[in-house]
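Heads up, the thing below is written out as structure tokens.
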Amino acid sequence: MARQRRGIEMGVLMLMWQFFNISLETFPPITLLVIAGQVALYMGIIPVSWDAVTVCLSAQAILRWKEYERLVLSAFEHGDDLHLYYNMLSFLSKGRSLEQHFGSPYFAYLLTVFTVLTSATYVGLEVILSELFDDKQYLKTCAIGFSGVIFALKVLTTSYWDTGYRRYFGFRVSGKYAVWVELVAIQLMVPNTSFVGHLAGILVGIAYTQGPLKLVMDLPIQALGFLNRPLTTPTRNHSNWGSGVSGYGAAAGQTYGWNIGNDMNDADYDEAIRRSYETLQTEETSRIINPNSAPLDQDEVRRRRLNRFNVT
């Protein structure tokens with residue numbers, strides 16, 4: 001049975017407002033498709049037979065129940081409209097800049113591999129924690145959300161481009177360490193987020209930028225003869241759909257209108273998201289202190305049901 005359709009909730013409205021303020025011509029196709037797909041899935045426009053609860057990612061579901069589809073499906077589910085909004089807002093800036101440098105075919109390939117590897121790494125980390133602390137509860141911890149993949153992409157953006165310094169709790173931190181600071185800061189502000197899921201994304205990103213993952217990913221492409229130039233370090237030049245699967249190097253013309261200097265940049269999006277975590281924490285605390293005595297509607301029942309799971 002297909003999931004029930006939702007109305008247009010506040011998070012979806014805010015995301016639509018972001019799209020209306022930026023011409024669709026500024027969105028590379030894969031970034032646009034991923035965002036639109038996840039919004040449509042959340043709203044129930046795409047007819048599927050599962051929901052977030054039945055595909056959340058846990059080591060137990062993968063290793064014992066052999067439900068391998070969760071490695072992918074869990075990443076595209078979200079607990080509520082604000083969870084969806086802030087994940088897509090963060091993905092928006094990273095996806096646009098990275099897709100233009102890699103090229104759309106390779107970026108789609110990158111997202112596919114990162115999604116599976118981030119989930120697999122999450123499962124591996126939960127198994128290690130279970131053995132380390134002799135606690136089987138780690139195997140049952142369930143997570144949903146796309147931010148593990150977003151953390152992996154953030155490692156790429158901070159590795160490829162200078163990000164200067166940022167301030168966290170009044171302290172000045174180099175951009176290249178920002179992802180580690182945010183890993184801890186987000187967990188402190190919102191304990192229900194999946195620390196292991198975010199860490200898994202960071203490890204996958206590091207494996208690509210500093211480890212062998214990029215070489216392994218490029219080998220089958222080279223073997224199939226899709227590359228038309230040697231692999232090089234990324235430059236600040238934009239690349240379009242046909243600029244080579246590895247996506248590096250300059251391409252004339254098509255840049256989707258993306259101008260980092262004039263548009264909202266990656267740091268602006270991340271700052272908005274950090275503030276949202278504080279807001280969400282305050283709202284959650286107020287619900288605990290002043291519980292609503294009125295009967296719960298379906299949306300509130302769904303939110304409380306999903307509250308058992310970690311969100312990423």
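Even glycines carry a Cβ here, placed using N, Cα and C.
What TrEMBL lists as domain 'Peptidase S54 rhomboid' is 67-209. According to TrEMBL, the feature transmembrane segment maps to 12-35, 106-125, 137-156, 177-208.
Taking every listed stretch (12-35, 106-125, 177-208) in turn, the largest tally of C-beta pairs under 8 A with the transmembrane segment (137-156) is reached by 177-208. Within the chain, the transmembrane segment (106-125) has long-range Cβ neighbours (under 8 A, six or more residues past its boundaries) at 28, 30-31, 34, 57-59, 62-63, 70-72, 74-75, 95, 98-99, 143, 148-149, 152-153, 194, 196-197, 199-201, 203-205, 207-208, 213, 217, 221, 245-247.
Applying DSSP to the domain 'Peptidase S54 rhomboid' (67-209) sorts its residues as follows: 107 helix, 11 strand, 25 coil.
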